[in-house]
Amino acid sequence: MAALPVLVLVWLAAVWGGPGVAGQKRKEMVLSEKVNQLMEWASKRSVIRMNGDKFRRLVKAPPRNYSVIVMFTALQPHRQCVVCKQADEEYQILANSWRYSSAFTNKIFFAMVDFDEGSDVFQMLNMNSAPTFINFPAKGKPKRGDTYELQVRGFAAEQLARWVADRTDVNIRVIRPPNYAGPLMLGLLLAVIGGLVYLRGSNLDFLYNKTGWALAALCFVLAMTSGQMWNHIRGPPYAHKNPHTGQVNYIHGSSQAQFVAETHIVLLFNGGVTLGMVLLHEAATSDMDVGKRKIMCIAGIGLVVLFFSWLLSVFRSKYHGYPYRYVCL
């Protein structure tokens, strides 16, 4: 008779606690299967390609104790998304850096949804542009900061790694594949300089040529003032093509970002203004006849006015509300 209360308690525990325990075990089994599946795919490919079914099952549906960084893109040739291809290269570098890192765990995975393979996912998320990077956290739904600001930060792997560290606390050291272009160019430059020194022998007057050094310094200044260093750090796209209208924008509409094409345009405009100033200087100081000096003066003024006006137009397009429209002489 003494054993009867114990049996009753065991029966009650089985009745009340059984479904909860069984449900928890089912969740753990489902989670384990999902993690194992992702780890298996990640071992074969750093960026896991997903369609609609895989996305809903492994990213959207609970349970999940891992974060997934998803790039929504359109890589098929008929989409003609140049930016998508450039962003994909940087994304692959980031994912490979994580996959082959000694700190690699199942805490975070990198995935990709191509529009032609998962258009239903784009519709589900009300997404109409590519490429787009979204972090799906281990708990809860993505917040505002979980969508990467591509137009502001660019898509360089280093910038993506900083964003991933901010959203997931996972620090990824970006390791790029070796690039031999720099050493080859340096070797070629040294070979050219060595050849010139050998051919000229003891005549090194060319090293004291002020015009040559002035041109080299001018090219360097034009490159730096046009924003080339910003491009190197941020890795922005060359231009932006509107997926709906097909219109290509070469000038970024924000003062906080720029395109690579924009720096080339600004470099050209600055070069035109500089050429105009050089012509004006030569017209004022040269010993040529008056007629040629007048032509040089008019050409110099025209170049300065034209290219500086275009520079002012670019400035107005980025700083909305700027009051001045033309150059005041």
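In case you wondered, yes, glycine gets a Cβ from its N, Cα and C as well.
Taken from TrEMBL, the feature signal peptide applies to 1-17. Annotation source TrEMBL lists transmembrane segment at 180-199, 211-230, 265-283, 295-315.
Residues of the same chain lying 6 or more positions beyond the ends of the transmembrane segment (265-283) and with a Cβ under 8 Å from any Cβ of it are 218, 222-223, 225-228, 250-251, 293-294, 296-297, 299-308, 310-311, 314. For the transmembrane segment (211-230), same-chain residues at least 6 beyond its ends with a Cβ under 8 Å from one of its own Cβ atoms are 236, 258, 262-264, 266-267, 270-271, 274.
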